[in-house]
Amino acid sequence: MALWIAALLGVIQGIFMFLPVSSTAHMVLTEHWLIARGETLPPPESAEMILFALVVHVGTLVSIAVVFWPSLWRFSLNALGGAWEWAGRGGRGGLPLYWRLFWLGMFSVLCTGVLGLTLKATFEHVFASPLMIAGTLTLTGILLWWTDRLAPRRRGLKGINLKVAGVIGLAQGFALMPGLSRSAMTIVFALFTGLKRRWAAEYSFFLAIPTICAATLLQAIEVYRLGLPNTVGFSALAVGFVVAAIVGIISLKLVIYFLYRARLKVFSFYVWALALGIATGLIDLAPALG
């Protein structure tokens, strides 16, 4: 893989992993553009591309760790302190808040995993046509627009329960549909459950950590099954990793800026324009979708 292609794919991953617009649609567009230029790309299901996807996913994990480091550090300290206090009570009085949040996060991931493993193939088959992607992009824009019009939310961390965690986890699972965005779905439905904007953002992106780890593990298993590719170069992997991490930090901070100020609708105009271009054929996804 050429270094400039690795850098470009790292940029796409870093931007659209966090912006509330579809990463799938943009990866397809990028691959289509590269193919139209006469560039040779390995098939998406090849060991080379799976390994590259694994590496850039880890790069976006670094982005989350950098941006949310203060919150992650606070969470860890409070979890350790709460566990010590809970043990001192002999395990009485219920789980400490931060341990409860940890297990609720795992429940969200479980909901995502069950839905994803059950319906992923169906989503990719039924929703992989350009017209269906245009439809899911339009839905994303509507949800983002509606989110900005919601009254101020009042639910804090203590208000997160199994129902809230389940709703957010299922929303993340439905984001496997081509044209839907993981960050958009989790943030939007977190707000719909009543979470304040700050906690909706933090829960959404904290949830991305175990989700990305699980996806990375599945990708690693697939690479092992297919055999480590000989055609992928360390330099291309390194470039993709570094670019995805740096660009991811910028895009993550941008999302937080707009979310806190109830301005996610600026992304609505973009995804609607993209949906219109795909629906009318001005943007042709058919060759890349096969």
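Residue numbering: from 1, along the chain as shown.
Including glycine, each Cβ sits where the backbone N, Cα and C put it.
These features come from Swiss-Prot:
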TRANSMEM  1-21  transmembrane segment
TRANSMEM  49-69  transmembrane segment
TRANSMEM  101-121  transmembrane segment
TRANSMEM  126-146  transmembrane segment
TRANSMEM  160-180  transmembrane segment
TRANSMEM  203-223  transmembrane segment
TRANSMEM  232-252  transmembrane segment
TRANSMEM  266-286  transmembrane segment
Among 1-21, 49-69, 160-180, 203-223, stretch most in contact with the transmembrane segment (126-146) (C-beta, under 8 angstroms): 160-180
Interface check, the transmembrane segment (49-69) with the transmembrane segment (160-180), three or more C-beta pairs under 8 A: no
Criterion met for the transmembrane segment (101-121) and the transmembrane segment (203-223) (at least three Cβ pairs under 8 Å): yes
Close approaches to the transmembrane segment (160-180) from elsewhere in its chain (Cβ under 8 angstroms; 6 or more beyond its ends): 22, 24-25, 28, 101, 104-105, 107-116, 119-120, 123-124, 127-128, 132-137, 139-140, 186, 188-190, 192-195, 199, 203-204, 207, 211
Positions whose Cβ lies under 8 angstroms from the transmembrane segment (203-223), at least six residues beyond its ends: 18, 47, 50-51, 53-54, 57-58, 60-61, 64, 67-68, 71-72, 75, 105-106, 108-109, 112-113, 160, 168-169, 172, 182-183, 186-187, 190, 195, 229, 252
